[in-house]
Amino acid sequence: MLSTLPLVIASTEIDANFESDKALALTISGNWGFPIDEKPVEGFYLQVNDNVLGLADANEKKTLPVVVDFASPASLYRKAHGGGRKEPIVKAIGFKGNTLKSTDFKNTDLKSSGPWHVVDATPGLGRDAFVLISVGCKVTMIERSPIVAALLEDGIRRLKTAYPELADRFALQHGNSANVMQYWNGENVDAIYLDPMFPHKKKSALVKKEMRLFQQLLGHDPDADALLAPALALASSRVVVKRPNSAAVLAGNNPSMAIESKKHRFDVYLRQKS
C-alpha cells in the first residue's frame, strides 16, 4: 500500500515557459511535501501541466494522467442529465431540497436549497460528492491519502475559478476517516456517505483506469468495516454505504433499507431521532 509515499512532482513535466505551472508545483510541494525532482523511470509520479495536477504512471506512457475535474464535460453532463434528485445516491442520502436546474451555475440561485450536510468519508475522485453538491448539498470530503487529497484540492481550486458558488459547497479534510468522524468537532452532519474500495474480479476488463490505478497505488480498503460504527455515531439522519450488488453488507450490519441501481446498491442505515 503506497498511500503515504512521497511521490515526486516531475520537474521534467513542468513547462518552463509557464510560470503558473511552476508556481503551482511549488505550492503543492510546500503544502503536501511532494519533492520536485526528475521524472521516475517507472512507477507513479505527479505532474503539473496546463495548470492541472495529475497522477501519472511512467509504465503507462500512452495513458493520460488521472486528474480531478469537477468542471469536465462528463461531470456537467451528469449534472444536467443524470436525474438530479432522482439519482439513486441522492434518494439514498435523503436530500429533499431544490434541485439545481441549469448547467450555467453562474445564473443559478444556489441559496434556494437547504444546507444538507454530507460527509463523504471515502471520496475517491469526488464524482459522487460532485453529484451531491450539484443538487444543493454541502459536502465535506475526508481523504487519508495525501496523494488523493492533493488531487481533490486541485480539483476544488479549479472549480472555484469556473463556478465559485459550487466550489463553496465543498470542504476537504486530510486524515483517517474513522478517527476524524470519531473526534468530529465541526458542524452538524446530516448524512455520511461511504463507498469503500472493493476488490474487483481479475476478469473485469471494464474496470475504469482510475479504479485500476487507485487499487495499484492504494490497495483496497481492508479496514472499511471500521468506518460504519463512527459514521453511525456521528450522522444525525443516516449513513449510506455504496456496494456492488453482489457484495455483502458492511461490517455484517443489515441496513434499514436499500436502493438499487444497475450495478450497485445503496444500503441506508437510518438513525433514531432523539
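Cβ atoms here come from the backbone N, Cα and C positions, even for glycine.
Lifted from TrEMBL, the feature list:
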- R127, D128, E143, R144, D195: S-adenosyl-L-methionine binding site (BINDING)
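The maximum pairwise C-alpha distance among R127, D128, E143, R144, D195, the residues recorded as binding S-adenosyl-L-methionine, is 17 Å. Within 10 Å of the C-beta of D195 (S-adenosyl-L-methionine binding site) we count 22 further C-beta atoms, all protein chains included.
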